[in-house]
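Asks: Annotation source TrEMBL lists UTP binding site at Lys121, Gln184, Gly216, Asp247, Lys390. Summarising the annotation, TrEMBL assigns substrate binding site to His217.
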Amino acid sequence: DLSKAMSQAGTSQFQEVIRQELEYSMKVELDKILATAPSNELQHTKKDLEGFKKLFHRFLQEKGPSVDWGKIQRPPEDSIQPYEKIKARGLPDNIASVLNKLVVVKLNGGLGTSMGCKGPKSLIGVRNENTFLDLTVQQIEHLNKTYNTDVPLVLMNSFNTDDDTKKILQKYSHSRVKIYTFNQSRYPRINKETLLPIAKDVSYSGENTECWYPPGHGDIYASFYNSGLLDNLIAEGKEYIFVSNIDNLGATVDLYILNHLMNPPNGKRCEFVMEVTNKTRADVKGGTLTQYENKLRLVEIAQVPRAHVDEFKSVSKFKIFNTNNLWIALSAIKRLQEKNAIDMEIIVNPKTLDGGLNVIQLETAVGAAIKSFENSLGINVPRSRFLPVKTTSDLLLVMSNLYSLNAGSLTMSEKREFPTVPLVKLGSSFTKVQDYLRRFESIPDMLELDHLTVSGDVTFGKNVSLKGTVIIIANHGDRIDIPAGAVLENKIVSGNLRILDH
């Protein structure tokens, strides 16, 4: 046992030496990069690289999935409240004074590349020519007009989306919403083999675009604080932010949740509220809330030891997942940021660049900080508050008559008999938005649809109706044109337009 202990001690000493060498090499490379920064960018770049250095240090310290599976417990009953209970409290007469304490923050760092679009994802048209950003501004403007309030919108951009977003913002200059922006950090991608940055200087245009990345939405705390905007909003009397992904069309300001935060029933305010919703088979990979070392903790699939992944995905054990709609106290962000006390697990995201080089980017997720805040709470909200548009299959749902649009908010049509959303799977011919739009002369009637699968070269004429389960599969080399006015109910269409009963 003594020799085993000695060899273990030797191994850990050896690992420590390697760690120190890697950190030193990284520091040397980052100093070289910083030396190329023009004077007007120096402070900003320095802050970014300091933040990256801290993250890299932690990355070298932690290895493997960072949760001890044995310590994971179901959250206590009262730590996740049903939305109905919160709604049942009603609203106070002075809801305007409560609203005036709120800031809406949208995570706007992502590009539309997964849907074949250039530029910020928030500028993709989703409904009646309106983009995600248009709908967000309409929602907040409607609130401000209805209650005579001043709820501002803050966009967290990345270096990928900042310029294009700022150009578009001019069109809202006369709307009744103050819009602010700040930028996420810009971190260097690192070579998977050498663990050194692939960037040689600070520029991020031309061939250098692939050298840098925005480090996930967990970066919001440091960037918001560093931008000075956090302090300005606190000085204006703002108390809470409502944070959500800009592509989640269900993430509208909820007055009942806001009232619960500002006027808690037990007198003790929550610093952090995470909206969760019930898992379906489509959400088995979503992060879930657990009890861990007496704190609520978000556990993501990447942190789960491999032997327990199936258990993590089970809908019976972990019934809910994180919608990434979060309500956070501004004063708490300031306090924790100043103490450097926000602890988020590192997500290691491997990428292969166009030239074939394997890199990794170190990221964090905004919801993972829940364990650093006092008195945090989960609220189990209706599925309607989680309506993300990640693919053209999602886009088809939100463009269809399943939803009606009112003041920027989408609500499920009253004509649909059951509140669940149909399962839609469009094949690779529909992946890019331009191809998708070209294949529908008009969006089909989907009020009575349960399931739609489309594969291959398929186009839809005007005024098609889809009901029940519809499966359309064009074989390789064949093409299927669904004629205008067709009604497909429980049909399988295959080959070159043979229609069978399902």
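Numbering starts at 1 and runs along the chain as it is shown here.
In case you wondered, yes, glycine gets a Cβ from its N, Cα and C as well.
Remember, predicted model here, so these are calculated numbers, not experimental data.
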Asks: If you count the other Cβ atoms within 10 Å of each Cβ, which of the binding-site residues His217, Lys390 comes out on top?
Replies: His217
Asks: Please list residues from the chain of Asp247 (UTP binding site) whose Cβ is under 8 angstroms from its Cβ, counting only those at least six apart in sequence.
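Replies: Asp247 (UTP binding site) has long-range Cβ partners Gly110, Lys121, Ser122, Phe132, Pro388, Val389, Lys390.
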Asks: How big is the gap, in Å, between the Cα of Gln184 (UTP binding site) and that of the residue listed as 'substrate binding site', rounded to a whole number?
Replies: 8
Asks: State, in Å as a whole number, the widest CA to CA span among the UTP-binding residues Lys121, Gln184, Gly216, Asp247, Lys390 given in the record.
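Replies: Site span for UTP, by Cα atoms: 21 Å.
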Asks: Of these binding-site residues, Gln184, Gly216, which scores lowest on Cβ atoms within 10 Å?
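Replies: Gly216, out of the binding-site residues Gln184, Gly216, has the fewest neighbouring Cβ atoms within 10 Å.
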Asks: CB neighbours of Lys121 (UTP binding site) within 10 A?
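Replies: Around the Cβ of Lys121 (UTP binding site), 24 other Cβ atoms lie within 10 Å.
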